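Student: Just dropping this structure here.
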């Protein structure tokens with residue numbers, strides 16, 4: 001049994017005791033209380049060894065894939081779970097019955113208010129890919145959620161007043177996405193190791209808000225990212241059970257939707273729902289991360305080279321198969337099957353281009369509705385009416401009753417050949433342009449970045465980096481020039497893009513394009529491959545102090 005104790009726990013930041021968003025009096029000190037820290041430290045000590053073992057297991061799978069002796073497939077040892085038609089997910093939770101339009105975004109105070117005021121059903125508040133994990137972003141995200149749930153989030157800036165449109169009980173249901181199992185929070189050390197970022201984000205939010213959310217007629221609801229194995233879902237389930245027992249609420253109060261955004265997880269969808277069981281609220285199609293994971297896990301196999309990113313769509317064979325299997329799986333088990341992101345943002349100065357972009361969104365949502373999804377994501381409040389218009393055609397709060405008849409095989413999930421797919425110089429430029437712009441903003445503390453009229457998050461930068469690594473590694477030939485993709489070519493174009501973007505930057509010489517390029521270069525030359533850009537760059541945004549805070553004074 002793990003003892004509840006803050007011995008050998010070091011908090012390497014000052015704890016703000018002054019409110020930052022008046023008239024609210026909430027401070028960081030109200031979040032980092034002694035009892036809240038004891039709770040997250042207990043969870044970390046109980047589950048961290050298992051977390052690390054599961055991360056090591058990912059690399060075991062990668063080595064087997066790289067050797068060519070192993071191919072991804074449905075797990076024989078869990079066939080009994082897949083073949084048992086009797087088990088189901090739980091009864092749908094209050095506030096999670098109709099999820100036809102979900103908005104997403106980081107927990108910045110203004111964005112939180114705008115999202116809660118949007119004409120949507122649910123709001124995925126994101127500590128993960130659309131947030132740069134600076135200490136202030138993470139801890140003030142907790143402050144902002146604490147205030148929103150207590151109807152005290154309104155605040156003024158010199159240019160604008162931000163106010164909720166009513167009682168939060170009647171506004172969109174909040175679903176929090178903590179950081180993935182692979183990330184750590186280096187501002188808080190437990191037993192000489194940084195605490196799991198997943199447990200930090202989940203634990204603080206749950207500890208302070210679970211009972212308040214139940215009073216609102218909702219509950220502590222989560223989105224779980226980046227999982228690659230059903231045992232990683234079991235780990236979350238174990239965390240949930242301990243957390244609910246600790247604060248004295250019934251097991252099954254927590255609900256979690258899992259993003260199927262890694263290739264290995266696509267072969268274990270039923271097992272993931274099964275492991276969460278009473279806590280499951282379905283699965284979601286995380287399209288860009290799924291493409292990133294497909295390239296990452298198959299990067300050394302010349303049979304799985306993807307073309308220019310704009311040619312990899314939701315109707316590409318391997319993507320279409322994954323979507324159809326997800327919907328069939330979820331609905332057979334009685335849980336939601338959520339669609340993917342519409343990343344478009346309004347183009348205010350070009351009505352024709354804006355209409356074209358909105359038509360693309362509408363067509364994408366129609367495809368999702370027709371396939372059988374129960375709802376979908378938008379990145380901007382202006383897109384919510386389009387999603388609403390489409391999904392109102394369900395005529396019901398969801399379409400879980402509709403089980404599409406389709407058989408998706410392991411071979412279908414690995415069918416990465418895209419008809420008429422091409423790799424061109426423009427594809428290299430586009431990957432470098434998007435990757436550099438996103439990384440530069442992330443290093444400055446922004447994880448939700450408008451680029452070329454799309455709201456981009458970390459997944460799109462990951463695709464950029466992986467594609468370039470893969471094209472260099474396999475020496476592909478460019479369709480437009482006949483030139484071979486080499487480390488020298490990608491480095492040359494990288495330097496050109498850095499120069500162009502630096503000159504155009506409104507920050508002048510304070511921009512971080514050179515720093516972004518330093519990390520990008522060995523990856524796009526094919527010299528190294530990091531599991532995640534976010535972990536690669538993380539130390540650049542950590543801001544710890546030498547002397548730990550005295551926890552007895554919290």
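Just so it is clear, glycine is given a Cβ too, placed from its N, Cα and C backbone atoms.
Worth saying up front: this structure is predicted, and the values here are computed from it rather than measured.
As annotated by Swiss-Prot, active site, proton acceptor applies to 177. Under the heading active site, proton donor, Swiss-Prot lists 457.
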Student: Calculate the distance in Å between the alpha carbons (Cα) of the residue listed as 'active site, proton donor' and the residue listed as 'active site, proton acceptor', and round it to a whole number.
Tutor: 14
Student: Which three-state DSSP class does residue 457 (active site, proton donor) fall into?
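Tutor: DSSP call for residue 457 (active site, proton donor): coil, neither helix nor strand.
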Student: Among all the protein chains here, how many other CB atoms are within 10 A of the CB of residue 457 (active site, proton donor)?
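Tutor: If we count other Cβ atoms within 10 Å of residue 457 (active site, proton donor), we arrive at 26.
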Student: Long-range same-chain neighbours of the residue listed as 'active site, proton acceptor', Cβ under 8 Å, sequence gap at least 6?
Tutor: 124, 125, 126, 127, 128, 222, 223, 224, 225, 259
